[in-house]
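For B:12-35, B:70-91, B:103-120, B:161-179, B:251-278, the entry in TrEMBL reads transmembrane segment. The domain 'ABC transmembrane type-1' feature in TrEMBL is assigned to B:66-277.
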Amino acid sequence: MRANVISQINEQQQQEELIQARKRSSRRMLILETLGVLVALTFFGIPFYFVLINSFKDRAGASLLNLSFPENFQFLRNYKEVLTLNDGVVLRAFMNSTIITVLSLTTIIIICSMAAFVIARRSGLAKKLNYVILIGLMIPPSIVPTIWLLQGMGLFKTFPGIISLEAGLHFSFACLLYTAFVGTIPKELDEAALMDGCGPFNLFFRVIFPLLKPVTSTVIVLSSIQIYNDFENMLYFFPGADNATVQLTLYNFTGIYGTEYHLLFADVLLISIPPLILFIFFNKKIVDGMTAGAVKG
Amino acid sequence: MNKNINNMYPYFFLIPAILIYGTFFLVPTALSFFYSFTWWTLTDWEFIGFDNFIQFFQEPSLRIGFRNTLIFAFTTMGGKVILGLALAVFLTSKIRNKDLLRSIVFFPALLSTIAVGYTFSSMMHPTKGVINTILSFFGITGPNWLGNPDIALLSVAMTDIWKGVGIATVIFIAGLMAIPTHYYEALKIDGGNALQAFWHITLPLSRPAMNTVIILALIGGLRTFDLVWAMTGGGPGFSTDLLASIVYKQYAAGFFGLSTAGNVLLFLFVAMVAFPIFKFINRKEVDL
(Lines of atoms letter the chains of each structure in order from A and count residues from 1; the text may use other names and numbers.)
(Lines give C-alpha, C1' and ligand atoms only; values in the text may rest on other atoms or scores of the structure.)
Protein backbone atom coordinates (compact mmCIF):
# COMPACT_ATOMS: atom_id res chain seq x y z
CA MET A 1 0.00 0.00 0.00
CA ARG A 2 2.67 2.41 1.06
CA ALA A 3 4.82 1.38 -1.84
CA ASN A 4 1.90 1.98 -4.13
CA VAL A 5 1.39 5.54 -2.86
CA ILE A 6 5.08 6.29 -3.21
CA SER A 7 5.15 5.05 -6.75
CA GLN A 8 2.07 7.13 -7.51
CA ILE A 9 3.71 10.23 -6.12
CA ASN A 10 6.82 9.41 -8.08
CA GLU A 11 4.79 9.08 -11.25
CA GLN A 12 3.13 12.42 -10.65
CA GLN A 13 6.47 14.05 -10.06
CA GLN A 14 7.84 12.55 -13.22
CA GLN A 15 4.87 13.75 -15.20
CA GLU A 16 5.20 17.25 -13.82
CA GLU A 17 8.88 17.23 -14.62
CA LEU A 18 8.09 16.13 -18.14
CA ILE A 19 5.60 18.96 -18.58
CA GLN A 20 8.11 21.40 -17.15
CA ALA A 21 10.77 20.10 -19.48
CA ARG A 22 8.45 20.43 -22.43
CA LYS A 23 7.62 24.00 -21.49
CA ARG A 24 11.29 24.76 -21.08
CA SER A 25 12.14 23.23 -24.43
CA SER A 26 9.32 25.05 -26.20
CA ARG A 27 10.46 28.31 -24.63
CA ARG A 28 14.01 27.49 -25.66
CA MET A 29 12.75 26.76 -29.17
CA LEU A 30 11.02 30.14 -29.32
CA ILE A 31 14.16 31.94 -28.16
CA LEU A 32 16.20 29.97 -30.70
CA GLU A 33 13.75 30.81 -33.47
CA THR A 34 13.74 34.51 -32.66
CA LEU A 35 17.50 34.51 -32.44
CA GLY A 36 17.75 32.72 -35.78
CA VAL A 37 15.52 35.20 -37.53
CA LEU A 38 17.38 38.13 -35.97
CA VAL A 39 20.80 36.81 -36.95
CA ALA A 40 19.60 36.05 -40.48
CA LEU A 41 18.14 39.52 -40.80
CA THR A 42 21.33 41.14 -39.53
CA PHE A 43 23.71 39.21 -41.73
CA PHE A 44 21.63 38.92 -44.85
CA GLY A 45 19.15 41.77 -44.51
CA ILE A 46 21.48 44.66 -43.75
CA PRO A 47 23.50 44.41 -46.99
CA PHE A 48 20.27 44.41 -49.02
CA TYR A 49 18.79 47.29 -47.07
CA PHE A 50 22.08 49.16 -47.42
CA VAL A 51 22.07 48.89 -51.22
CA LEU A 52 18.37 49.71 -51.51
CA ILE A 53 18.38 52.78 -49.27
CA ASN A 54 21.54 54.23 -50.79
CA SER A 55 20.24 53.86 -54.31
CA PHE A 56 17.54 56.40 -53.34
CA LYS A 57 19.92 59.05 -52.03
CA ASP A 58 21.66 61.92 -53.78
CA ARG A 59 25.35 61.82 -54.50
CA ALA A 60 26.45 63.42 -51.23
CA GLY A 61 24.05 61.36 -49.15
CA ALA A 62 25.10 58.06 -50.63
CA SER A 63 28.80 58.80 -50.25
CA LEU A 64 28.30 58.72 -46.47
CA LEU A 65 27.72 54.97 -46.87
CA ASN A 66 25.39 54.74 -43.88
CA LEU A 67 22.00 53.17 -43.22
CA SER A 68 20.06 56.38 -42.51
CA PHE A 69 16.89 57.24 -44.38
CA PRO A 70 17.54 59.48 -47.43
CA GLU A 71 17.23 63.23 -46.75
CA ASN A 72 16.99 63.89 -50.42
CA PHE A 73 14.84 61.14 -51.85
CA GLN A 74 15.54 60.82 -55.57
CA PHE A 75 14.46 57.37 -56.64
CA LEU A 76 13.39 58.19 -60.20
CA ARG A 77 16.30 60.50 -60.97
CA ASN A 78 18.98 57.97 -60.00
CA TYR A 79 17.48 55.10 -61.92
CA LYS A 80 16.82 57.27 -64.96
CA GLU A 81 20.38 58.51 -64.89
CA VAL A 82 21.74 54.96 -64.72
CA LEU A 83 19.60 53.85 -67.64
CA THR A 84 20.41 56.82 -69.89
CA LEU A 85 24.12 57.20 -69.07
CA ASN A 86 26.50 56.98 -72.06
CA ASP A 87 23.70 56.60 -74.63
CA GLY A 88 21.99 53.94 -72.57
CA VAL A 89 24.96 51.63 -72.08
CA VAL A 90 23.11 49.81 -69.29
CA LEU A 91 20.14 49.02 -71.53
CA ARG A 92 22.52 47.86 -74.26
CA ALA A 93 24.27 45.70 -71.68
CA PHE A 94 20.96 44.15 -70.69
CA MET A 95 20.33 43.36 -74.36
CA ASN A 96 23.80 41.88 -74.83
CA SER A 97 23.62 39.79 -71.66
CA THR A 98 20.20 38.48 -72.60
CA ILE A 99 21.32 37.49 -76.11
CA ILE A 100 24.44 35.75 -74.77
CA THR A 101 22.57 33.97 -71.98
CA VAL A 102 19.70 32.72 -74.16
CA LEU A 103 21.83 31.58 -77.09
CA SER A 104 24.53 29.87 -75.00
CA LEU A 105 21.82 28.14 -72.99
CA THR A 106 20.19 26.83 -76.16
CA THR A 107 23.55 25.56 -77.38
CA ILE A 108 24.35 23.95 -74.02
CA ILE A 109 21.00 22.15 -73.88
CA ILE A 110 21.32 20.73 -77.39
CA ILE A 111 24.95 19.61 -77.29
CA CYS A 112 24.86 18.32 -73.70
CA SER A 113 21.67 16.31 -73.97
CA MET A 114 22.76 14.69 -77.25
CA ALA A 115 26.20 13.85 -75.93
CA ALA A 116 24.86 12.61 -72.59
CA PHE A 117 22.41 10.30 -74.35
CA VAL A 118 25.20 8.49 -76.20
CA ILE A 119 27.58 8.52 -73.21
CA ALA A 120 25.01 7.10 -70.83
CA ARG A 121 23.75 4.41 -73.23
CA ARG A 122 26.98 3.14 -74.77
CA SER A 123 29.65 1.23 -72.92
CA GLY A 124 33.36 1.32 -73.72
CA LEU A 125 34.84 4.38 -75.37
CA ALA A 126 31.99 6.67 -74.37
CA LYS A 127 32.52 5.92 -70.66
CA LYS A 128 36.13 7.10 -70.90
CA LEU A 129 34.83 10.45 -72.09
CA ASN A 130 33.52 11.01 -68.58
CA TYR A 131 37.07 11.68 -67.37
CA VAL A 132 37.64 14.23 -70.13
CA ILE A 133 34.41 15.92 -69.05
CA LEU A 134 35.40 15.92 -65.36
CA ILE A 135 38.55 17.88 -66.29
CA GLY A 136 36.34 20.69 -67.53
CA LEU A 137 34.57 20.80 -64.20
CA MET A 138 37.77 21.40 -62.27
CA ILE A 139 40.36 23.08 -64.42
CA PRO A 140 39.94 26.82 -64.98
CA PRO A 141 39.95 27.97 -68.62
CA SER A 142 43.30 29.03 -70.05
CA ILE A 143 43.12 32.70 -70.90
CA VAL A 144 45.67 33.85 -73.45
CA PRO A 145 45.64 30.73 -75.67
CA THR A 146 41.86 31.03 -75.86
CA ILE A 147 42.10 34.67 -76.93
CA TRP A 148 44.76 33.75 -79.49
CA LEU A 149 42.56 30.99 -80.85
CA LEU A 150 39.48 33.22 -81.01
CA GLN A 151 41.48 35.88 -82.85
CA GLY A 152 42.73 33.28 -85.31
CA MET A 153 39.16 32.20 -86.04
CA GLY A 154 37.95 35.80 -86.26
CA LEU A 155 35.64 35.23 -83.30
CA PHE A 156 37.31 37.45 -80.70
CA LYS A 157 34.91 40.15 -79.39
CA THR A 158 32.02 38.69 -81.38
CA PHE A 159 28.72 37.23 -80.25
CA PRO A 160 29.30 33.82 -81.89
CA GLY A 161 32.68 33.71 -80.14
CA ILE A 162 31.49 34.45 -76.63
CA ILE A 163 28.40 32.25 -77.03
CA SER A 164 30.41 29.22 -78.16
CA LEU A 165 32.91 29.88 -75.42
CA GLU A 166 30.30 30.05 -72.68
CA ALA A 167 28.75 26.86 -74.06
CA GLY A 168 32.15 25.15 -74.04
CA LEU A 169 32.93 26.22 -70.50
CA HIS A 170 29.56 25.16 -69.10
CA PHE A 171 29.47 21.92 -71.06
CA SER A 172 30.89 19.67 -68.33
CA PHE A 173 28.45 20.57 -65.60
CA ALA A 174 25.31 20.23 -67.73
CA CYS A 175 26.57 17.09 -69.45
CA LEU A 176 27.15 15.33 -66.12
CA LEU A 177 23.65 16.25 -64.96
CA TYR A 178 22.14 14.94 -68.20
CA THR A 179 24.22 11.73 -68.14
CA ALA A 180 23.07 10.90 -64.61
CA PHE A 181 19.45 11.49 -65.60
CA VAL A 182 19.51 9.50 -68.87
CA GLY A 183 20.69 6.54 -66.76
CA THR A 184 17.33 6.56 -64.98
CA ILE A 185 15.32 6.28 -68.22
CA PRO A 186 14.62 2.59 -69.01
CA LYS A 187 16.37 1.19 -72.06
CA GLU A 188 13.17 -0.69 -72.98
CA LEU A 189 11.89 2.57 -74.43
CA ASP A 190 14.73 2.58 -76.96
CA GLU A 191 14.03 -1.05 -77.84
CA ALA A 192 10.37 -0.31 -78.37
CA ALA A 193 11.29 2.61 -80.60
CA LEU A 194 13.66 0.37 -82.55
CA MET A 195 10.86 -2.20 -83.05
CA ASP A 196 8.61 0.53 -84.35
CA GLY A 197 11.22 1.38 -86.95
CA CYS A 198 12.28 4.64 -85.34
CA GLY A 199 15.68 6.10 -86.24
CA PRO A 200 18.12 7.59 -83.73
CA PHE A 201 16.99 11.15 -84.48
CA ASN A 202 13.34 10.36 -83.91
CA LEU A 203 14.14 8.34 -80.82
CA PHE A 204 16.18 11.14 -79.29
CA PHE A 205 14.18 14.21 -80.22
CA ARG A 206 10.68 12.75 -79.95
CA VAL A 207 11.03 10.21 -77.15
CA ILE A 208 14.06 10.92 -74.98
CA PHE A 209 14.45 14.70 -75.08
CA PRO A 210 10.90 15.43 -73.81
CA LEU A 211 11.58 13.05 -70.90
CA LEU A 212 14.65 15.09 -69.93
CA LYS A 213 12.51 18.08 -68.99
CA PRO A 214 13.37 18.07 -65.25
CA VAL A 215 17.14 18.26 -65.93
CA THR A 216 16.63 20.74 -68.73
CA SER A 217 14.86 23.11 -66.38
CA THR A 218 17.58 22.68 -63.76
CA VAL A 219 20.22 23.43 -66.40
CA ILE A 220 18.25 26.47 -67.58
CA VAL A 221 18.05 27.92 -64.10
CA LEU A 222 21.59 27.19 -62.91
CA SER A 223 23.48 27.92 -66.13
CA SER A 224 21.52 31.06 -66.90
CA ILE A 225 22.45 32.50 -63.51
CA GLN A 226 26.10 31.60 -64.03
CA ILE A 227 26.30 33.02 -67.52
CA TYR A 228 24.33 36.14 -66.67
CA ASN A 229 26.58 36.79 -63.67
CA ASP A 230 29.76 35.96 -65.54
CA PHE A 231 32.35 38.68 -65.21
CA GLU A 232 35.69 37.02 -65.78
CA ASN A 233 35.03 35.58 -69.23
CA MET A 234 33.36 38.76 -70.45
CA LEU A 235 36.32 40.78 -69.24
CA TYR A 236 38.80 38.59 -71.13
CA PHE A 237 36.94 37.45 -74.21
CA PHE A 238 34.27 40.07 -74.89
CA PRO A 239 35.88 43.45 -74.18
CA GLY A 240 34.96 46.79 -75.73
CA ALA A 241 32.43 49.53 -75.09
CA ASP A 242 29.91 48.18 -77.62
CA ASN A 243 30.11 44.77 -76.03
CA ALA A 244 29.14 45.88 -72.54
CA THR A 245 27.47 43.20 -70.46
CA VAL A 246 25.57 43.85 -67.26
CA GLN A 247 28.36 42.92 -64.86
CA LEU A 248 30.78 45.27 -66.59
CA THR A 249 28.41 48.24 -66.34
CA LEU A 250 29.23 48.46 -62.63
CA TYR A 251 32.64 49.71 -63.74
CA ASN A 252 31.05 52.91 -65.07
CA PHE A 253 30.38 54.24 -61.60
CA THR A 254 33.72 53.61 -59.98
CA GLY A 255 36.25 55.98 -61.43
CA ILE A 256 39.46 57.73 -60.56
CA TYR A 257 37.44 60.78 -59.49
CA GLY A 258 35.67 58.81 -56.79
CA THR A 259 32.80 56.41 -56.82
CA GLU A 260 29.27 57.60 -57.55
CA TYR A 261 27.71 55.37 -54.94
CA HIS A 262 24.07 56.39 -55.54
CA LEU A 263 24.32 55.31 -59.18
CA LEU A 264 26.46 52.27 -58.41
CA PHE A 265 23.88 50.92 -55.98
CA ALA A 266 21.01 51.71 -58.33
CA ASP A 267 22.83 49.70 -61.00
CA VAL A 268 23.52 46.86 -58.54
CA LEU A 269 19.78 46.67 -57.89
CA LEU A 270 18.85 46.88 -61.56
CA ILE A 271 21.14 44.04 -62.59
CA SER A 272 19.91 41.93 -59.66
CA ILE A 273 16.33 42.04 -60.90
CA PRO A 274 16.56 39.11 -63.37
CA PRO A 275 18.06 36.72 -60.76
CA LEU A 276 15.42 37.95 -58.31
CA ILE A 277 12.61 37.11 -60.74
CA LEU A 278 14.13 33.73 -61.42
CA PHE A 279 14.41 33.20 -57.69
CA ILE A 280 10.79 34.08 -57.00
CA PHE A 281 9.44 31.76 -59.68
CA PHE A 282 11.95 28.91 -59.47
CA ASN A 283 13.01 28.97 -55.82
CA LYS A 284 12.21 25.31 -55.27
CA LYS A 285 13.55 24.28 -58.65
CA ILE A 286 16.87 26.02 -58.02
CA VAL A 287 17.32 24.36 -54.66
CA ASP A 288 16.33 20.93 -55.98
CA GLY A 289 18.62 21.30 -58.97
CA MET A 290 21.44 22.51 -56.80
CA THR A 291 21.21 19.51 -54.49
CA ALA A 292 20.60 16.98 -57.25
CA GLY A 293 23.50 18.33 -59.28
CA ALA A 294 25.80 18.65 -56.34
CA VAL A 295 25.21 15.38 -54.57
CA LYS A 296 25.15 13.18 -57.65
CA GLY A 297 27.63 15.11 -59.81
CA MET B 1 19.63 -7.22 -81.21
CA ASN B 2 22.35 -5.72 -79.09
CA LYS B 3 24.22 -4.59 -82.16
CA ASN B 4 21.11 -3.00 -83.57
CA ILE B 5 20.31 -1.11 -80.42
CA ASN B 6 23.77 0.45 -80.43
CA ASN B 7 22.90 1.94 -83.82
CA MET B 8 20.30 3.98 -81.95
CA TYR B 9 23.15 5.77 -80.15
CA PRO B 10 25.29 7.00 -83.02
CA TYR B 11 28.66 8.52 -82.21
CA PHE B 12 27.89 11.50 -84.43
CA PHE B 13 25.59 12.73 -81.67
CA LEU B 14 28.83 13.60 -79.89
CA ILE B 15 30.16 15.76 -82.72
CA PRO B 16 28.60 19.12 -81.75
CA ALA B 17 29.77 18.65 -78.16
CA ILE B 18 33.29 17.62 -79.18
CA LEU B 19 33.52 20.56 -81.59
CA ILE B 20 32.52 23.16 -79.02
CA TYR B 21 34.06 21.68 -75.88
CA GLY B 22 37.16 20.62 -77.79
CA THR B 23 37.74 23.87 -79.65
CA PHE B 24 36.92 26.27 -76.84
CA PHE B 25 38.21 24.38 -73.83
CA LEU B 26 40.44 21.38 -74.58
CA VAL B 27 42.56 22.86 -77.39
CA PRO B 28 43.40 26.13 -75.54
CA THR B 29 44.18 24.13 -72.41
CA ALA B 30 46.59 21.91 -74.34
CA LEU B 31 48.12 24.93 -76.10
CA SER B 32 48.74 26.65 -72.77
CA PHE B 33 51.21 23.92 -71.79
CA PHE B 34 53.28 24.79 -74.85
CA TYR B 35 53.04 28.58 -74.66
CA SER B 36 53.91 28.65 -70.97
CA PHE B 37 57.47 27.81 -72.08
CA THR B 38 57.69 30.75 -74.46
CA TRP B 39 58.18 34.47 -74.63
CA TRP B 40 54.96 35.21 -76.45
CA THR B 41 53.56 38.31 -78.17
CA LEU B 42 50.54 36.56 -79.74
CA THR B 43 52.02 37.09 -83.21
CA ASP B 44 55.44 35.74 -82.41
CA TRP B 45 56.95 33.38 -79.88
CA GLU B 46 60.35 32.31 -78.71
CA PHE B 47 61.04 29.16 -76.71
CA ILE B 48 62.58 30.04 -73.34
CA GLY B 49 62.22 26.82 -71.36
CA PHE B 50 61.38 27.10 -67.71
CA ASP B 51 62.15 30.83 -67.40
CA ASN B 52 58.52 31.83 -66.86
CA PHE B 53 58.12 29.31 -64.07
CA ILE B 54 61.42 30.30 -62.47
CA GLN B 55 60.29 33.91 -62.50
CA PHE B 56 57.05 32.91 -60.84
CA PHE B 57 58.83 31.20 -57.98
CA GLN B 58 61.49 33.89 -57.55
CA GLU B 59 59.55 37.13 -57.64
CA PRO B 60 57.90 37.78 -54.26
CA SER B 61 54.97 39.58 -55.89
CA LEU B 62 54.18 36.45 -57.91
CA ARG B 63 55.09 33.88 -55.28
CA ILE B 64 52.71 35.47 -52.78
CA GLY B 65 49.85 34.31 -55.01
CA PHE B 66 50.38 30.68 -54.01
CA ARG B 67 50.30 31.43 -50.30
CA ASN B 68 47.26 33.71 -50.62
CA THR B 69 45.38 31.28 -52.85
CA LEU B 70 45.88 28.45 -50.37
CA ILE B 71 44.88 30.59 -47.37
CA PHE B 72 41.83 31.89 -49.22
CA ALA B 73 40.68 28.47 -50.47
CA PHE B 74 41.02 26.73 -47.11
CA THR B 75 39.54 29.61 -45.07
CA THR B 76 36.47 29.88 -47.26
CA MET B 77 36.13 26.09 -47.38
CA GLY B 78 36.30 25.84 -43.57
CA GLY B 79 33.84 28.68 -43.11
CA LYS B 80 31.36 27.22 -45.57
CA VAL B 81 31.56 23.73 -44.06
CA ILE B 82 31.16 24.87 -40.44
CA LEU B 83 28.56 27.58 -41.01
CA GLY B 84 26.74 25.59 -43.68
CA LEU B 85 26.42 22.55 -41.43
CA ALA B 86 25.32 24.68 -38.46
CA LEU B 87 22.73 26.48 -40.58
CA ALA B 88 21.52 23.22 -42.08
CA VAL B 89 21.04 21.63 -38.64
CA PHE B 90 19.18 24.75 -37.52
CA LEU B 91 17.05 24.87 -40.66
CA THR B 92 16.05 21.20 -40.52
CA SER B 93 15.01 21.43 -36.84
CA LYS B 94 11.45 22.05 -35.75
CA ILE B 95 11.48 25.81 -36.15
CA ARG B 96 8.85 27.88 -37.86
CA ASN B 97 9.75 30.20 -40.79
CA LYS B 98 12.35 27.74 -42.02
CA ASP B 99 11.32 28.09 -45.65
CA LEU B 100 11.70 31.85 -45.43
CA LEU B 101 15.05 31.53 -43.65
CA ARG B 102 16.31 29.03 -46.21
CA SER B 103 15.43 31.44 -49.02
CA ILE B 104 17.15 34.32 -47.26
CA VAL B 105 20.33 32.33 -46.74
CA PHE B 106 20.36 31.01 -50.32
CA PHE B 107 19.58 34.21 -52.20
CA PRO B 108 23.11 35.74 -52.16
CA ALA B 109 24.31 32.77 -54.22
CA LEU B 110 22.29 34.12 -57.14
CA LEU B 111 23.75 37.61 -57.05
CA SER B 112 26.70 38.68 -59.13
CA THR B 113 30.04 38.43 -57.39
CA ILE B 114 31.03 41.87 -58.62
CA ALA B 115 27.91 43.49 -57.15
CA VAL B 116 28.46 41.71 -53.85
CA GLY B 117 32.12 42.73 -53.89
CA TYR B 118 31.35 46.43 -54.41
CA THR B 119 28.62 46.36 -51.76
CA PHE B 120 30.85 44.79 -49.14
CA SER B 121 33.84 46.95 -49.89
CA SER B 122 31.58 49.99 -49.26
CA MET B 123 30.33 48.44 -46.03
CA MET B 124 33.92 47.74 -44.96
CA HIS B 125 34.99 51.39 -45.24
CA PRO B 126 37.20 51.97 -42.17
CA THR B 127 35.56 55.14 -40.78
CA LYS B 128 32.07 55.48 -42.21
CA GLY B 129 31.34 51.88 -43.30
CA VAL B 130 28.25 50.17 -41.93
CA ILE B 131 30.17 47.30 -40.31
CA ASN B 132 32.42 49.55 -38.23
CA THR B 133 29.55 51.88 -37.36
CA ILE B 134 27.61 48.94 -35.94
CA LEU B 135 30.69 47.68 -34.10
CA SER B 136 31.33 51.12 -32.57
CA PHE B 137 27.75 51.07 -31.29
CA PHE B 138 28.89 48.15 -29.11
CA GLY B 139 32.06 50.02 -28.16
CA ILE B 140 34.35 48.09 -30.51
CA THR B 141 36.75 49.91 -32.78
CA GLY B 142 36.60 47.98 -36.03
CA PRO B 143 39.75 47.45 -38.07
CA ASN B 144 40.45 48.81 -41.54
CA TRP B 145 39.03 45.70 -43.16
CA LEU B 146 40.43 46.10 -46.65
CA GLY B 147 43.20 48.62 -46.00
CA ASN B 148 45.17 46.57 -43.49
CA PRO B 149 47.40 44.10 -45.39
CA ASP B 150 47.26 41.63 -42.50
CA ILE B 151 43.52 41.13 -42.59
CA ALA B 152 42.46 42.24 -46.09
CA LEU B 153 42.60 38.69 -47.43
CA LEU B 154 40.42 37.44 -44.58
CA SER B 155 37.92 40.25 -45.19
CA VAL B 156 37.59 39.14 -48.80
CA ALA B 157 37.28 35.53 -47.62
CA MET B 158 34.48 36.50 -45.22
CA THR B 159 32.59 38.12 -48.08
CA ASP B 160 33.03 34.96 -50.13
CA ILE B 161 31.66 32.90 -47.24
CA TRP B 162 28.66 35.25 -46.97
CA LYS B 163 27.89 34.78 -50.63
CA GLY B 164 28.56 31.04 -50.84
CA VAL B 165 27.31 29.66 -47.54
CA GLY B 166 23.78 29.32 -48.95
CA ILE B 167 24.87 26.70 -51.48
CA ALA B 168 26.70 24.77 -48.76
CA THR B 169 23.62 24.98 -46.54
CA VAL B 170 21.31 23.67 -49.26
CA ILE B 171 23.62 20.73 -49.96
CA PHE B 172 23.85 19.93 -46.24
CA ILE B 173 20.06 20.17 -45.87
CA ALA B 174 19.67 17.62 -48.67
CA GLY B 175 22.20 15.39 -46.93
CA LEU B 176 20.54 15.69 -43.52
CA MET B 177 17.08 14.99 -44.92
CA ALA B 178 18.40 11.70 -46.33
CA ILE B 179 19.34 10.43 -42.84
CA PRO B 180 16.61 7.98 -41.71
CA THR B 181 14.78 9.32 -38.65
CA HIS B 182 14.80 5.96 -36.85
CA TYR B 183 18.50 6.44 -36.08
CA TYR B 184 17.57 9.46 -34.01
CA GLU B 185 14.66 7.61 -32.40
CA ALA B 186 16.93 4.73 -31.41
CA LEU B 187 19.39 7.13 -29.83
CA LYS B 188 16.58 8.87 -27.95
CA ILE B 189 15.36 5.54 -26.53
CA ASP B 190 18.89 4.81 -25.37
CA GLY B 191 18.85 8.16 -23.59
CA GLY B 192 21.18 10.12 -25.86
CA ASN B 193 21.06 13.91 -25.93
CA ALA B 194 21.09 16.38 -28.81
CA LEU B 195 24.87 16.77 -28.77
CA GLN B 196 25.36 13.03 -28.99
CA ALA B 197 22.83 12.86 -31.82
CA PHE B 198 24.84 15.44 -33.73
CA TRP B 199 28.19 13.83 -32.98
CA HIS B 200 27.29 10.18 -33.58
CA ILE B 201 24.58 10.37 -36.24
CA THR B 202 24.41 13.72 -38.03
CA LEU B 203 28.13 14.30 -38.47
CA PRO B 204 29.19 10.86 -39.79
CA LEU B 205 26.10 10.44 -41.98
CA SER B 206 26.39 13.86 -43.59
CA ARG B 207 29.78 12.86 -45.02
CA PRO B 208 28.66 12.65 -48.68
CA ALA B 209 27.19 16.15 -48.46
CA MET B 210 30.29 17.40 -46.67
CA ASN B 211 32.54 15.96 -49.36
CA THR B 212 30.55 17.74 -52.04
CA VAL B 213 30.77 21.02 -50.15
CA ILE B 214 34.52 20.61 -49.60
CA ILE B 215 35.23 19.88 -53.26
CA LEU B 216 33.02 22.70 -54.57
CA ALA B 217 34.37 25.23 -52.06
CA LEU B 218 38.01 24.31 -52.64
CA ILE B 219 37.82 24.40 -56.43
CA GLY B 220 35.84 27.63 -56.29
CA GLY B 221 38.26 29.15 -53.81
CA LEU B 222 41.37 28.23 -55.79
CA ARG B 223 39.90 29.80 -58.95
CA THR B 224 38.54 32.99 -57.38
CA PHE B 225 39.19 36.13 -59.35
CA ASP B 226 36.22 38.47 -59.59
CA LEU B 227 35.64 38.97 -55.87
CA VAL B 228 39.24 40.05 -55.28
CA TRP B 229 39.12 42.17 -58.37
CA ALA B 230 36.01 44.05 -57.24
CA MET B 231 37.04 44.45 -53.61
CA THR B 232 40.76 45.19 -53.55
CA GLY B 233 42.27 44.74 -57.00
CA GLY B 234 44.92 42.62 -55.29
CA GLY B 235 45.97 45.34 -52.85
CA PRO B 236 47.03 46.75 -50.49
CA GLY B 237 50.45 45.87 -51.87
CA PHE B 238 50.04 42.33 -53.09
CA SER B 239 48.33 41.15 -49.92
CA THR B 240 45.16 39.90 -51.58
CA ASP B 241 46.58 38.84 -54.93
CA LEU B 242 45.45 35.32 -55.82
CA LEU B 243 46.90 33.21 -58.64
CA ALA B 244 43.93 34.08 -60.86
CA SER B 245 44.36 37.82 -60.36
CA ILE B 246 48.10 37.56 -61.05
CA VAL B 247 47.27 35.79 -64.30
CA TYR B 248 45.04 38.74 -65.21
CA LYS B 249 47.62 41.36 -64.23
CA GLN B 250 50.35 39.69 -66.32
CA TYR B 251 47.93 39.41 -69.23
CA ALA B 252 46.92 43.07 -68.97
CA ALA B 253 50.59 44.07 -68.83
CA GLY B 254 51.22 42.16 -72.07
CA PHE B 255 53.32 39.34 -70.57
CA PHE B 256 51.38 36.63 -72.38
CA GLY B 257 53.87 33.81 -71.84
CA LEU B 258 54.19 34.60 -68.14
CA SER B 259 50.43 34.88 -67.78
CA THR B 260 49.99 31.50 -69.46
CA ALA B 261 52.61 30.00 -67.14
CA GLY B 262 50.56 31.31 -64.22
CA ASN B 263 47.51 29.68 -65.76
CA VAL B 264 49.33 26.36 -66.01
CA LEU B 265 50.43 26.66 -62.38
CA LEU B 266 46.81 27.32 -61.45
CA PHE B 267 45.70 24.13 -63.30
CA LEU B 268 48.35 22.08 -61.55
CA PHE B 269 47.46 23.64 -58.23
CA VAL B 270 43.76 22.85 -58.63
CA ALA B 271 44.53 19.32 -59.79
CA MET B 272 47.01 18.74 -56.95
CA VAL B 273 44.49 19.83 -54.35
CA ALA B 274 41.33 18.45 -55.93
CA PHE B 275 42.34 14.98 -57.15
CA PRO B 276 43.84 13.59 -53.92
CA ILE B 277 40.93 14.93 -51.88
CA PHE B 278 38.54 13.55 -54.48
CA LYS B 279 40.16 10.11 -54.22
CA PHE B 280 40.42 10.22 -50.45
CA ILE B 281 36.81 11.13 -49.83
CA ASN B 282 35.47 8.70 -52.41
CA ARG B 283 37.27 5.91 -50.59
CA LYS B 284 35.93 6.84 -47.17
CA GLU B 285 32.39 7.60 -48.18
CA VAL B 286 29.78 5.94 -45.95
CA ASP B 287 26.70 4.40 -47.53
CA LEU B 288 23.40 5.18 -45.87
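Using the three backbone atoms N, Cα and C, a Cβ is placed for every residue, glycine included.
Remember, TrEMBL labels are computer predictions, not curated facts.
Same-chain residues lying 6 or more positions outside the transmembrane segment (B:161-179) and placing a CB less than 8 Å from one of its CB atoms are 76, 79-81, 83-85, 87-89, 91-92, 102, 105-109, 111, 113, 116, 120, 201-202, 205-206, 208-210, 212-213, 216-217, 220, 227, 288. Take the transmembrane segment (B:251-278) and the stretches B:12-35, B:70-91, B:103-120: counting Cβ pairs under 8 Å, B:12-35 has the most. For the transmembrane segment (B:103-120), same-chain residues at least 6 beyond its ends with a Cβ under 8 Å from one of its own Cβ atoms are 87, 91, 159, 162-167, 169-170, 226-227, 229-231. Using a Cβ-Cβ cut-off under 8 Å and counting only residues 6 or more beyond its ends in the same chain, the transmembrane segment (B:70-91) has close neighbours at 98, 101-102, 105, 153-154, 156-158, 160-161, 164-165, 167-169, 171-173, 175-176, 198, 202, 206, 210, 213-214, 217-218, 220-222, 224, 242, 273.
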